[in-house]
Structure formats: C-alpha cells, structure tokens
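Participant: Take this structure first; my questions come after.
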Amino acid sequence: MGEALRRSTRIAISKRMLEEEESKLAPISTPEVPKKKIKTGPKHNANQAVVQEANRSSDVNELEIGDPIPDLSLLNEDNDSISLKKITENNRVVVFFVYPRASTPGCTRQACGFRDNYQELKKYAAVFGLSADSVTSQKKFQSKQNLPYHLLSDPKREFIGLLGAKKTPLSGSIRSHFIFVDGKLKFKRVKISPEVSVNDAKKEVLEVAEKFKEE
C-alpha cells in the first residue's frame, strides 16, 4: 500500500509540472486595438471635392510661347462677358497683367503703372488687368484708381491657370504679365515686381511695334 501511495504521489507531481510547462508555452493574448474610424459627412466630402478639383486643374497644360489664346470668356468690371479670342481678333497686340488681389499695395502700384503708361501703350496694344477678384472688387479698384482699361474677373482661375500664374492649386495668383501677338503668346513674365512688370511690358510692346513697321 505504501508503494502504491508513493506512485500516485509521483504521478500527481508530474501532472502538475506538465500543466505548468504548458501554461508557459501558451500564447499571450493581446487586447484588440479598436480600428480608427474614417471621417465622413458633408464637410469631409466637400474638402475632398476641393482637393480633387485642384488636382484636375493642376493637370492642365500651361500655355507656352507660340500657343494660341484659349477660347474662354470672362466678366469685366461692368459684368460684361468678354471673349478672349475676340480680343485678339480685334487687336494684334494684347497685354494681360495678372495681380494677386485688387486694392492691395503692390497690385495698386502695378495697375497704376499701366495706367500712367496707358496713353503710349494703347497706340500699339490693348491692355487688360486680370485677377481672381470678384466683379464688384474689380469695379471698385478701377473707379478708385481711375484705371482706363478693363479688369477681368477670373474667380476660378481658369485663364490664370493656363497662363501658369497660379500661386497654389487651391488659391492665389502670381504677379505677372503676358503679351499675345496675332492671337499667340509672345512674352511670358511670371513672378516679377510691379515696376518690372510695367517697364518690361512697355519695352516688349514697343519692340513688337518696331517689327510691325518693318513688315
């Protein structure tokens, strides 16, 4: 009987040791990390739509020297629709100067520079100011500064984008000027100061005028 008791004791100890070993080898359970919810709703969808629109607009090829003016129409300060193609059909030389925002200091210097040189420029070219400002802002700007030329409103920056004068895909315009001769882009000046824009545009217009005399 003593031998049987010792045998059962050894079996019980071995069984307990085996259970302890198995518990050591058992995989450690980790708490489940909750999945991050993706935000949805009108605001999220609206932001996504803006980004998608910006990406589409940034894919548009910029006009290069020699390219024809696009067939677009923009509103001027009087809310009249102006066809860009008709402008170039009626004028051999057309100057478009782009300014970031109406009635700001740098843009006022640029616009007034073209105003002060307008009498000479208009002998050879048509001059247009261009920005993403509203029609109302353009009218106030024109009236306050006595600007003798039209200001075109391009709130979606369609023409501004084609000219390569967008500051970012989402907003902003870069100060610049562009000169079309016989409907095609001849001069392209981007990221320049107000004074350089006026002076260079004047030189370029006079240069074209001299070539016309040789024809």
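From the backbone N, Cα and C atoms, a Cβ is placed for every residue, glycine too.
For reference, Swiss-Prot lists these features for the protein:
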type	residues	note
REGION	20-59	region 'Disordered'
COMPBIAS	45-59	compositional bias 'Polar residues'
DOMAIN	63-211	domain 'Thioredoxin'
ACT_SITE	Cys107	active site, cysteine sulfenic acid (-SOH) intermediate
DISULFID	Cys107-Cys112	disulfide bond
Participant: With every protein chain in view, what's the tally of Cβ atoms within 10 Å of the Cβ of Cys112 (disulfide bond), excluding that atom itself?
Facilitator: 15
Participant: Report, as a single number, how many Cβ atoms besides its own are within 10 Å of the Cβ of Cys107 (active site, cysteine sulfenic acid (-SOH) intermediate).
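Facilitator: Cys107 (active site, cysteine sulfenic acid (-SOH) intermediate): 23 neighbouring Cβ atoms within 10 Å.
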